[in-house]
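Listed in TrEMBL for this protein:
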DOMAIN    122-446  domain 'SAM-dependent MTase RsmB/NOP-type'
BINDING   Cys230, Ala231, Ala232, Pro233, Gly234, Asn235, Lys236, Asp254, Asp281, Asp301  S-adenosyl-L-methionine binding site
ACT_SITE  Cys380  active site, nucleophile
REGION    452-486  region 'Disordered'
COMPBIAS  475-486  compositional bias 'Basic residues'
Amino acid sequence: HVRQLYALVSETLRYSPVLEKLLAGAALLQAEKKLPPQLAKVLVYDLLFGKGLKCGGRWKVLARRHRARLEAELARLKVQQKVSRNEDLLAPVQAASPGGEWASGLGALPAAGGSGRLCLTCPAPPASQVPRYVRVNTLKTCVDDVIDFFKRQGYSYLGKAASMEELRALSGKKFLLDLHLPELLVFPPQTDFHDNLLYTSGHIILQDKASCLPAFLLDPAAGSHVIDACAAPGNKTSHLAAILKNKGQIFAFDVDTKRLATMNTMLTRAGVTGFQLAQQDFLTVDPGDPKYSKVTYILLDPSCSGSGNVRGSIRPTWSCLWARGPQVMAVLPAGMVNRLPTEEAAPSTERLQALAGFQRKVLSHALSFPALRRLVYSTCSLHREENEDVVHAVLQEWGSAFRLVNAFPSWPCRGLAAFPRAECCLRASPADTLTHGFFVAVLERCGEGAAAPSSLPAAAENPQRGEGMAPGTAPRKKKRKKQRVK
């Protein structure tokens, strides 16, 4: 699996100094002269620190042949450094920030197509401390029951966070209730729940906090008809369904067949009902079709540059790995390289202009649905061209028909001052909000039939989300009888 390969390469980079000592002490490279040093590190990491060798063929046989010598060298190294855990062999910066300081990495490799050396220095981004966010799927359970489940698994619940500093300080098996979103639990960075029963049964959704904002701010009333215009892989769709309490109708569009199939599986696992998936370009959807005559809410998260996606928050980004050229890719198991996701470099001006043109077009199209009352526009981009500039241009195009809502006043990071009231928009970043980079704007129709003027989130105006509460305050959860996971 790509996720496992990603973790293997990342952790090999993190343990590189330790692996070099083990290779030297065991004289592995001297004994196996045809074994590339970079591949040797990957094999030894997986053998001693990982989940066991998953590869096959001669490399697996070779590594196992030297297992006893390598294990003895590891034991000697622990005694020498007076430690008992593998993690304690790492330098403090490596132990504290997995995927952080890894300039030594797999070593300096020859630059592709040249005879020089390629510097592998790739400083850790601020995102290296992004926590693990867990959204409780209220279609199947409730916050209190999930908290109880994690406590039974040995986690310590610290209550509701009072500040970003408390989120930053999380470590070990401790977790908090988020200070902004009422159904979001926060765990230390790199906490892995992919094999946890709550995740595999659909009771929790692993979703970055910033990605939870669009559905939370759209806040459709139960029974509403909603469009998720660019829906796959479906986390936001399942969040919408939870807010709707499965009462209403969600129309979800995406052009990719495989992504829709995956989305259908995920939504079914999450207990979502009342949704229709369509393999269709949203721009080809007819706003005048009677089928969509009752659509009052639209969530629009269109294709973008993805410049806010900080996978480096947990591990080195794919672009960092690809930047090392074919020499690094050559150390990976056969058949795996073509499954790595490619990443573009920083988008060119032409690329940004093309994306912004598409985004303006699709946003204007979404606003043309006749019954629309509220729309959330979001991207995982950091570029003003895809964010504030798009919103400003479309608002000017529509004149006084729609207005920009002052979304989530308690949110600390606001839109760039690109036009009047741009501060009504939200931004997110690893440094400021401990999330991936994100942008959100909330638009409401003006005039007759429009939604009541608001300063979102609607928790302050919708009794079901906590009547009379300050914006952004998590309501107290009442025990609800749901499917209880034991």
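Each residue, glycine too, has its Cβ placed from N, Cα and C.
TrEMBL does not curate its annotations; it predicts them automatically.
Shown here: features listed in TrEMBL, placed on the structure.
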{"residue": "Cys230", "record": "S-adenosyl-L-methionine binding site", "contacts (Cβ under 8 Å, 6+ apart)": "Phe253, Asp254, Phe282, Leu300, Asp301, Pro302, Ser303, Val362"}
{"residue": "Ala232", "record": "S-adenosyl-L-methionine binding site", "contacts (Cβ under 8 Å, 6+ apart)": "Asp254, Asp256, Arg259, Leu260, Thr262, Met263"}
{"residue": "Gly234", "record": "S-adenosyl-L-methionine binding site", "contacts (Cβ under 8 Å, 6+ apart)": "Ala252, Thr262, Met263, Met266, Leu267"}
{"residue": "Lys236", "record": "S-adenosyl-L-methionine binding site", "contacts (Cβ under 8 Å, 6+ apart)": "Ser211, Pro214, Ala215, Asp228, Leu299, Asp301"}
{"residue": "Asp281", "record": "S-adenosyl-L-methionine binding site", "contacts (Cβ under 8 Å, 6+ apart)": "Phe253, Val255"}
{"residue": "Cys380", "record": "active site, nucleophile", "contacts (Cβ under 8 Å, 6+ apart)": "Ala210, Ser211, Cys304, Gly306, Ser307, Gly308, Asn309, His436, Gly437, Phe438, Phe439"}
